[in-house]
Amino acid sequence: MNSKITQSIERLKSFKYELILEGICVGVIAGFVVSLFRMMLIKAESLRGSVVANAMKSTEGALIGLAILAGLLIVACLCLWAEPLCSGSGIPQVKGELRGQVHQNWWKMIPAKIIGGAVSIGAGLSLGREGPSIQLGAMVGKGFSRLGNKLTTEEKLLMTCGAGAGLSCAFSAPLAGVVFTLEGLHKNFSTDILLSTMAASIASDFVAYNIFGLKPVFDLTVDESLPLSLYWLILILGVILGAFGMVYNKFTAATQDAYEKIPSRYARLIVPFALVIPLAIYYPETLGSGYALVGQAARGEFLLAGLAVLLVMKFLYSIISFSSGAPGGIFLPLLVIGGITGGLFATIAGQGLGFEDYYMTNFVIYGMVGYFAAIVRSPITGVILITEMTGDFTNFLPLCIVALVAYITADILNGRPIYDQLLDRLLAKNESCGMTEKIKSHKVLLQSDVYIGCLMDGRKIEEMLLPKGCLIVSVMRGNAELVPGGSTILAGGDKITVLCAENDIAGVEAKLDSICRTVRQ
């Protein structure tokens with residue numbers, strides 16, 4: 001075993017606390033980068049309101065508005081030209097890079113994503129800032145690693161820290177940032193990842209608090225907890241959200257297929273940008289990410305018909321905006337659509353059962369969590385995220401119930417997590433995904449838990465049948481480290497370290513998922 005590999009193994013054993021310090025540094029930097037992005041979006045959305053108002057008053061104002069919209073479209077196209085992987089939310093790109101399937105140029109990606117996301121969302125496209133914030137944070141982690149000449153294995157961990165810090169800063173939700181990286185990106189609750197990402201998320205959130213204040217992102221007040229006698233409504237809502245989530249995924253895939261009939265990726269952006277004009281005139285509530293809509297729905301400011309129309313319009317325009325490939329995420333639009341769905345359900349149920357709008361806020365919150373769990377398939381993240389964003393802990397049990405029911409419903413309907421679906425599409429349509437720019441001969445270390453009840457629980461290492469060239473270099477059992485050999489019997493709860501070539505990461509991860517991270521039926 002050469003010296004660099006030995007160095008990597010020894011460092012992996014000893015750098016836990018150093019990684020925490022590095023995570024704090026990445027978190028602080030990511031906090032400032034994502035805060036800059038947030039401030040640009042706040043300013044852009046404010047300016048959009050002024051431009052639309054002036055456009056309604058005079059022909060001159062309308063012409064100025066059209067010129068600004070055309071200019072924003074050109075800037076968005078230039079960002080895609082400069083860095084093609086800045087399209088979409090950015091979460092599939094990060095997920096792909098952690099698996100060794102995608103390579104992003106961090107110093108090109110950061111400005112391209114900030115500018116592209118700001119002009120797209122600022123123009124009025126129904127996109128969110130959270131996916132881009134996760135990608136920005138991950139690129140900060142990658143840049144920190146490259147500038148510090150870190151080992152490849154450490155770079156992956158620092159990217160994970162940055163991704164968690166990005167979500168933490170975007171939503172002012174540090175715990176959700178930690179859980180999402182474990183549940184949504186790694187699907188592996190590693191202690192090392194947990195501690196370093198928590199440090200990064202807290203540091204990033206501290207930066208955000210000093211810039212934006214301590215007020216929750218969604219200012220929702222729950223007047224009364226839902227009585228136990230009405231909990232059956234949560235079960236029905238969960239089933240509806242699970243099915244509706246699968247409809248969203250299917251519509252997104254179909255819309256992306258339709259867009260691909262347009263040869264130029266730049267021409268595709270014309271569709272959502274052009275729709276800004278009629279929507280600004282006739283239904284401006286549809287434009288932008290839609291933060292305000294959640295509060296309005298929770299306060300009962302929409303009649304039943306108004307909520308239904310708003311749901312359809314937001315659903316369709318969010319899919320049209322995202323599927324075009326414009327820089328921007330779906331995290332927040334999903335929460336908004338889910339909240340509106342919950343509000344619509346509460347309005348119908350309230351009229352039938354006689355509680356009117358009394359529990360409207362409760363069901364809006366339930367809708368956000370359930371819809372997120374159904375589409376993203378990260379129920380724990382959904383529960384914690386909404387709890388942190390609203391600052392309300394009185395609904396924790398019903399949030400868990402609706403997330404679980406929505407998740408199970410989506411699973412029964414054979415729906416796939418949206419970000420896995422998007423990553424597969426990215427890899428299918430872009431054969432290189434930037435991989436031509438990188439050297440593929442590096443060796444990396446991967447860690448995996450051995451789940452109790454998995455295929456390898458109680459079996460010998462030689463039965464793993466890993467890809468050629470891969471080697472198990474460490475087995476941790478509690479606080480003891482075993483010297484692994486082919487005859488070493490693995491046990492549930494073990495943590496193994498695998499040495500492999502960087503271009504084999506995806507295959508090794510898939511193998512580990514099937515034999516170490518999946519409980520046998």
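Glycine is no exception: its Cβ is also placed from the backbone N, Cα and C atoms.
Curation does not apply to TrEMBL; its annotations are automatic.
Because the structure is a prediction, the values reported are computed rather than measured.
As given in TrEMBL:
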TRANSMEM  20-41  transmembrane segment
TRANSMEM  62-83  transmembrane segment
TRANSMEM  157-181  transmembrane segment
TRANSMEM  193-212  transmembrane segment
TRANSMEM  232-254  transmembrane segment
TRANSMEM  266-283  transmembrane segment
TRANSMEM  303-323  transmembrane segment
TRANSMEM  330-351  transmembrane segment
TRANSMEM  363-386  transmembrane segment
TRANSMEM  393-410  transmembrane segment
DOMAIN    433-514  domain 'RCK C-terminal'
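Within its own chain, the transmembrane segment (330-351) has Cβ neighbours under 8 Å at 89, 126-131, 233, 236-237, 240-241, 244, 248, 289-291, 293-294, 297-298, 300, 302, 304, 307-308, 310-311, 314-315, 318, 321-322, 357-360, 362-372, 375-376, 386, 418, counting only residues six or more beyond its boundaries.
The largest share of C-beta pairs under 8 angstroms with the transmembrane segment (266-283) comes from 62-83, of the ranges 20-41, 62-83, 157-181, 232-254, 303-323. Spatially, the transmembrane segment (157-181) is not adjacent to the transmembrane segment (393-410); fewer than three Cβ-Cβ distances between them are under 8 Å for residues at least 6 apart in sequence. The largest share of C-beta pairs under 8 angstroms with the transmembrane segment (20-41) comes from 193-212, of the ranges 62-83, 193-212, 232-254, 303-323, 363-386. Break the domain 'RCK C-terminal' (433-514) down by DSSP state and the numbers are 19 helix, 27 strand, 36 coil. Most Cβ pairs under 8 A with the transmembrane segment (393-410) among the ranges 193-212, 232-254, 303-323 are made by 232-254. It is 232-254 that, among the stretches 193-212, 232-254, 363-386, forms the most Cβ pairs under 8 Å with the transmembrane segment (303-323). Each residue in the domain 'RCK C-terminal' (433-514) has a pLDDT score, and their mean in this model is 86. Among residues of the same chain six or more beyond the transmembrane segment (232-254), those with a C-beta under 8 A of the stretch's C-beta atoms are 226, 315, 319, 322-323, 334, 337-338, 341-342, 345, 349, 363, 366-367, 370-371, 373-375, 398, 401-410, 412-413, 415-416, 418, 421, 425.
Through the fold, the transmembrane segment (193-212) approaches residues 16, 19-28, 30-32, 34-35, 38-39, 137, 141, 157, 160-162, 164-169, 172-175, 177-178, 181-182, 186 of its own chain, all at least 6 residues removed from its boundaries and within a Cβ separation under 8 Å.
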